[in-house]
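Participant: Taken from Swiss-Prot, the feature chlorophyll a ChlzD1 binding site applies to H118, supported by sequence analysis. Residues annotated as pheophytin a binding site in Swiss-Prot: Y126. Here Swiss-Prot flags D170, E189, H332, E333, D342, A344 as [CaMn4O5] cluster binding site, drawing on sequence analysis. According to Swiss-Prot, the feature chlorophyll a PD1 binding site maps to H198, an assignment based on sequence analysis. Residues annotated as quinone binding site in Swiss-Prot: H215, S264, F265. As annotated by Swiss-Prot, Fe cation binding site applies to H215, H272, with the evidence given as sequence analysis. Summarising the annotation, Swiss-Prot assigns transmembrane segment to 29-46, 118-133, 142-156, 197-218, 274-288.
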Amino acid sequence: MTTTIQQRSGANGWQSFCEWVTSTNNRLYVGWFGVLMIPTLLAATTCFIVAFIAAPPVDIDGIREPVAGSLIYGNNIISGAVVPSSNAIGLHFYPIWEAASLDEWLYNGGPYQLVVFHFLIGIFCYMGREWELSYRLGMRPWICVAYSAPVAAASAVFLVYPFGQGSFSDGMPLGISGTFNFMLVFQAEHNILMHPFHMMGVAGVFGGSLFSAMHGSLVTSSLVRETTESESQNYGYKFGQEEETYNIVAAHGYFGRLIFQYASFNNSRSLHFFLAAWPVVGIWFTALGVSTMAFNLNGFNFNQSILDGQGRVLNTWADVLNRANLGMEVMHERNAHNFPLDLAAAESTPVALQAPAIG
């Protein structure tokens with residue numbers, strides 16, 4: 001007598017699904033982080049496109065003066081944006097079911113929260129998916145560490161800054177000119193250009209661009225010739241070849257003589273670590289700076305710091321920058337503030353010795 005034991009098809013289906021999710025043979029790796037990443041990024045992308053094209057104006061300042069951000073309300077690609085949720089909503093979680101109607105949800109900028117929250121979850125999962133694929137392939141985990149820099153920057157402007165300021169209306173708008181407006185207002189309110197962490201971020205981004213260009217040009221200039229004059233040098237490389245495709249000794253010798261010996265790396269591994277670490281650390285510090293300024297720990301203030309022997313102010317570039325900040329401050333949200341507090345608190349500057357006689 002023969003006994004046959006048949007497993008439940010449900011268990012087999014779940015096992016097949018698990019194997020498919022974690023398989024590195026798929027054209028695109030899914031992974032367990034991808035199971036959450038795919039729907040959240042699809043939701044964020046879909047809502048962003050629809051809102052960018054057709055969303056009605058949003059009462060961003062909470063004063064019943066809606067701001068139009070979509071294309072069908074007169075914007076173009078440069079001026080259009082998904083406008084942040086209303087200051088009347090503040091930091092409240094505002095999904096569709098919290099509004100009395102869809103019109104109210106749109107008027108208060110609900111799509112902004114939908115896009116931002118799904119987008120942040122999606123990029124967090126993308127970072128986790130990078131680690132997961134590295135783990136499956138037996139690679140080291142530094143790819144996701146590098147990606148953590150832009151993730152930290154996005155988290156700073158979309159999540160931490162609104163938390164610190166007390167309203168999602170202070171988050172960065174999802175558009176080109178809206179991003180520029182966010183930057184100008186950030187400078188006006190927090191003096192970010194005078195914050196050391198922002199300076200480190202500038203050094204990281206510009207320095208990373210410089211080092212990338214230097215490295216690429218040095219490698220391209222010291223390729224080992226494998227082709228004739230009539231062929232492209234790119235044909236001299238075969239994918240997966242064991243031998244070096246460029247002469248690092250020649251590149252090291254050139255750069256060492258161009259600058260000085262110890263400015264040039266003689267170890268390819270330490271060189272590429274440096275190329276990765278420099279911009280990543282810089283962007284980390286920028287994100288940290290935005291996150292601290294979110295709670296009003298602002299950039300340095302050197303206004304009126306130099307006086308002459310009689311106590312009169314000798315203006316510096318810090319004072320010029322301060323005047324620019326005040327100008328941007330009075331221009332933004334001009335209908336929400338009757339008078340900017342930082343101007344009202346300053347001493348008045350006389351503009352005439354006496355008033356002209358009238359009549």
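Note that Cβ sites are derived from N, Cα and C of the backbone, with glycine treated the same way.
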Participant: Which listed stretch (118-133, 142-156, 197-218) has the most C-beta pairs under 8 A with the transmembrane segment (274-288)?
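Facilitator: If we count Cβ pairs closer than 8 Å to the transmembrane segment (274-288), 197-218 scores highest.
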Participant: Please work out which residue of D170, E189, E333 has the most C-beta neighbours within 10 angstroms of its C-beta, and give that one of the binding-site residues.
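Facilitator: Buried the deepest by this measure is D170.
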Participant: Under a criterion of Cβ-Cβ distance under 8 Å and sequence separation of at least 6, what residues of the same chain contact H332 ([CaMn4O5] cluster binding site)?
Facilitator: N181, L184, V185, A188
Participant: Which one is it, among the binding-site residues H198, F265, H272, that lies nearest to E333 ([CaMn4O5] cluster binding site) by Cα separation?
Facilitator: H198
Participant: Cβ within 8 Å of the quinone site centroid (H215, S264, F265 excluded): which residues?
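Facilitator: Other same-chain residues near the quinone site: M214, L218, A251, H252, F255, L271.
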Participant: Rounded to the nearest angstrom, how far is the Cα of the residue listed as 'pheophytin a binding site' from the Cα of H215 (quinone binding site)?
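Facilitator: That separation, Cα to Cα, works out to 28 Å.
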Participant: Just counting, how many other CB atoms are there within 10 A of the CB of H272 (Fe cation binding site)?
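Facilitator: Other Cβ atoms within 10 Å of H272 (Fe cation binding site): 12.
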Participant: Looking at Cβ-Cβ distances, which residues of the chain lie under 8 angstroms from H118 (chlorophyll a ChlzD1 binding site) while being 6 or more apart from it?
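Facilitator: The list for H118 (chlorophyll a ChlzD1 binding site) reads T40, L41, A43, A44, C47, given in order along the sequence.
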Participant: Rank aside, I only need the closest one: which of the binding-site residues E189, H198, H272 has its C-alpha nearest to that of Y126 (pheophytin a binding site)?
Facilitator: H272
Participant: Which residues does the residue listed as 'chlorophyll a PD1 binding site' neighbour through Cβ under 8 Å, counting only same-chain ones at least six apart?
Facilitator: I192, T286, G289, G299
